[in-house]
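Pulled from Swiss-Prot:
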BINDING   Glu171, Arg217, His448, Arg489  L-aspartate binding site
REGION    195-198  region 'Aspartate'
BINDING   Arg217, Asp218, Glu219, Gln226, Glu482, Gly534, Leu535, Asp536, Arg537  ATP binding site
Amino acid sequence: MRTEYCGQLRLSHVGQQVTLCGWVNRRRDLGSLIFIDMRDREGIVQVFFDPDRADALKLASELRNEFCIQVTGTVRARDAKNVNADMATGEIEVLASSLTIINRADSLPLDANHVNTEEARLKYRYLDLRRPEMAQRLKTRAKITSLVRRFMDDHGFLDIETPMLTKATPEGARDYLVPSRVHKGKFYALPQSPQLFKQLLMMSGFDRYYQIVKCFRDEDLRADRQPEFTQIDVETSFMTAPQVREVMEALVRHLWLEVKGVDLGDFPVMTFAEAERRYGSDKPDLRNPMELVDVADLLKSVEFAVFAGPANDPKGRVAALRVPGGAQLSRKQIDDYGNFVKIYGAKGLAYIKVNERAKGLDGINSPVAKFLTADIVEAILERTGAQDGDMIFFGADNKKVVADALGALRLKLGKDLSLTDEDKWAPLWVIDFPMFEDDGEGGLTAMHHPFTAPRDMTASELKTAPEEAVANAYDMVINGYEVGGGSVRIHNGEMQQTVFGILGINEQEQREKFGFLLDALKYGTPPHVGLAFGLDRLTMLLTGTDNIRDVIAFPKTTAAACLMTEAPSFANQAALTELGIQVVKKAENN
């Protein structure tokens, strides 16, 4: 039906007769001439109808936005004064000789001239996806997946599919369950990841595996999460963690070079402890120049319990955050930031305004100045590198609260005061995570997952001091987003059972949930290492949006609903009866 795409026409096509198919993006009726912007997936081109082709001109008068049409015409160069430098096709136009209206469009529920609500965009997603910026994002996503496949093929990885209907295993989030009609009362689980299957593939001898795969997690959602999402899943045998990171870093550098024309360079490597200490986060945004600086040793003897308490507590921390130019902040702004950090458990926000650095104590303005000596102030100014016009905020509490509160404040100030370089790319690897973390109930939970190996520990050493274990794990972070993560896997049955035991999984439960894995570990398991990237999040970064729904064709809302199809929906009673399922209504509160 077509000979060319609208958005691909250029001066090289001048004089050629072309047939185009697409939609009316805009129509301008000048009486004797009618102009339309005609759009397809590749872009927009101007088409005009003149009186010499009366039938086409008459039919064009009926056109409205989003009519689906076919146009045949001749490509012409525009006069210099009419060239549109903002359009890829702005140097040419098409003189239409014939027009076919394939399908008309009713009045549109989305307004092309205004910002539509996200609810409306998701309900009429098929119309929303016609917008050039949305089409471009999905085209970029397709390019990314193509680049990934070619790269992985070139590096000897095999694309192997793993099951979608599998067994429920604890991986950190709730499973989506699928009832079995054949096995009444039993359920499959949709995979949260192909984790165990890819490890089993390593045990099967496929030493380089990858897959671009759907995963499912029934968890509370936010802007950068979906109940179903896509991973670039990778596993290798007989490779070390640094070797795997080298290959995966090369993949990401390749994507940025091909999609953005940007060379990311070598990625710095930072330990979890350093990231938390300097940035208050295990996924630091290095575009932001501010850092947390420890000052507890300077404040142990002050007559101010808010500082002295945490400064003298082994589990406490006092840290300072220097904000360049922050002395301009008003009292109301400071109060607002004080309320902001309370969200993260902080009790408030002490501060020092640096007016004249050279005057030391006399050159600052601070509600806590009366508790500080000239020597202490000088030491704080020196350690933080404060200059005239800067602000220093303080966090004083247990280590987690200080990291969380000042880490979040750092990001907010970076954005509010334009301190974060939005034109920069800042990737890094974060390594050496704690193996376990407190589950809040007196037990331990795996920081990554239960199949991650500890670094340089035997099973007996791990059993003796699990809280000291460092995971042989790593995350890739770009501009404050965790885009991928992985680890060295446990390939020894004794170690795997030890980890299960530390996590409170008794031997009977181990056999019930992971018997197949424990059996497989008995038969010559190779050392293996893996990683998974979030394709949606990578695409989000590469297309410059901050909402993951913008890079998924048919996403869910933050309530895990599809507004277009109205999923989830009620199942009919016959289907439920056949599955042996009875829906129990939740009792209403009186």
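Note: Cβ is positioned from N, Cα and C throughout, glycine not excepted.
Largest Cα-to-Cα span within the ATP-binding set Arg217, Asp218, Glu219, Gln226, Glu482, Gly534, Leu535, Asp536, Arg537: 20 Å. Using CA atoms as reference points, the binding-site residues Arg217, His448, Arg489 were checked against Leu535 (ATP binding site), and the closest is Arg217. In this structure, the C-alpha atom of Glu482 (ATP binding site) lies 20 angstrom from that of Arg489 (L-aspartate binding site).
A Cα-Cα distance of 16 Å separates Glu219 (ATP binding site) from His448 (L-aspartate binding site).
In terms of DSSP helix, strand and coil, the region 'Aspartate' (195-198) has 4 helix, 0 strand, 0 coil. For His448 (L-aspartate binding site), the Cβ neighbour count at a 10 Å cut-off comes to 19, with all displayed protein chains included. Checking each of the binding-site residues Arg217, His448, Arg489 against Arg537 (ATP binding site) by C-alpha distance, the shortest gap belongs to Arg217. Within the group of binding-site residues (Arg217, Arg489, Arg537), the Cβ with the highest number of other Cβ atoms inside 10 Å belongs to Arg489. Comparing local CB density within 10 A for the binding-site residues Glu219, Glu482, the maximum falls on Glu482. Of all Cβ atoms in the protein chains displayed, 24 besides its own lie within 10 Å of the Cβ of Leu535 (ATP binding site). When secondary structure is read from DSSP and collapsed to three states, Glu482 (ATP binding site) falls in the strand class.
In the three-state DSSP assignment, the secondary structure recorded for Arg489 (L-aspartate binding site) is strand.
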